[in-house]
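Colleague: Sharing the features that TrEMBL gives for it:
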{"type": "COMPBIAS", "residues": "24-43", "note": "compositional bias 'Low complexity'"}
{"type": "COMPBIAS", "residues": "50-59", "note": "compositional bias 'Acidic residues'"}
{"type": "DOMAIN", "residues": "96-268", "note": "domain 'Yip1'"}
{"type": "REGION", "residues": "23-62", "note": "region 'Disordered'"}
{"type": "TRANSMEM", "residues": "115-136", "note": "transmembrane segment"}
{"type": "TRANSMEM", "residues": "156-178", "note": "transmembrane segment"}
{"type": "TRANSMEM", "residues": "190-208", "note": "transmembrane segment"}
{"type": "TRANSMEM", "residues": "220-242", "note": "transmembrane segment"}
{"type": "TRANSMEM", "residues": "254-275", "note": "transmembrane segment"}
Amino acid sequence: MASPDDLKFQEFEEATDLLLADPGASTFSMSGSSSTTPAGATGDIKLDMSDDEGQEESSELLRGEKQTSGFWTFAYYQSFFNVDTMQVLDRVKGSVMPLPGRNFIKHTLQSSPDLYGPFWICVTLVFSLAISGNLSTFLNSLGIPHYHYRPQFHRVTIAAVVIFLYAWLVPLGVWGFLTWRQREERQQRGYSFLETVCVYGYSLFIYIPTSVLWILPFEWLRWLLILVAMVISGSVLVLTFWPVVCDDTKVTAFATVATIVVLHVLLSIGCKMYFFQTATLTPVPTLAPNHTAAILTNKTH
């Protein structure tokens, strides 16, 4: 009967015979601490079993179990602002050049909405309306004697409230109504709330240059500009939401689109009438000193 030592030497002898038969073969130890490569091999083979963290991360990525941040964290909202300049410019271009049959969300956003563009468009529009409205009032008062112009800083607050309420509350209502109708009628999936906010935000871009041109003191030109802006921005909304509501009943579909257009028209006309009102500015009458003294004498008697 062979002893354990004889079995060990026999095992090493068999390994030596295999190496002599095939010099290009490679051997390595299971401990992973070292490797043996005979002459003629092209490289070393190493076995590293200590990187458990990398293996766990790779397995999570392969299984699709990588956890995302919660909506209460900053990292969750940071992804909505992760866009570059070219993407924003392309989306602005798509909002001012609507084409028939071209859906803004499907063709321009490509199911990747952002909040960066809509946020800065709304902020720019707020200051554009307030500043242009003040300049328009100042230009209208130049030919009026004894009229002292005072900047109306409260217009910034009013513009911010109106624009941001429209850019958030109206999309919320449209998204909620469309989601309810889709569940009732079992229609195909519609747009998310973020996509709805995004298309409303970019549709307001056309009003930034329009509000600047409203400074010109020509009433017919102002109404012409507001008509062009309403047609362009309204077309973006209609071309985007009509494919979603067209499968519903005719009454519901036309009522939904009509409501979207009416709210958009009210915003446009309201901003024009409030910030660029054409009321005639009349100077405060001033009384001569002798006339004022005569009035005071009559009152005392």
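All positions are counted from 1 along the displayed chain.
Including glycine, each Cβ sits where the backbone N, Cα and C put it.
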Colleague: Name the range, of those listed as 115-136, 220-242, 254-275, that has the largest tally of Cβ pairs under 8 Å with the transmembrane segment (190-208).
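Modeller: Selected stretch: 115-136, with the most Cβ pairs under 8 Å.
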Colleague: Where else in the chain does the transmembrane segment (254-275) make close Cβ contacts, counting only residues six or more beyond its ends and a cut-off under 8 Å?
Modeller: 129-130, 132-133, 136, 155, 158-159, 162, 166, 170, 174, 177-178, 203, 207, 211, 214, 222, 226, 229-230, 233-234, 237-238, 241-242, 245, 248
Colleague: On the 0 to 100 scale, where does the mean pLDDT of the domain 'Yip1' (96-268) fall?
Modeller: 88
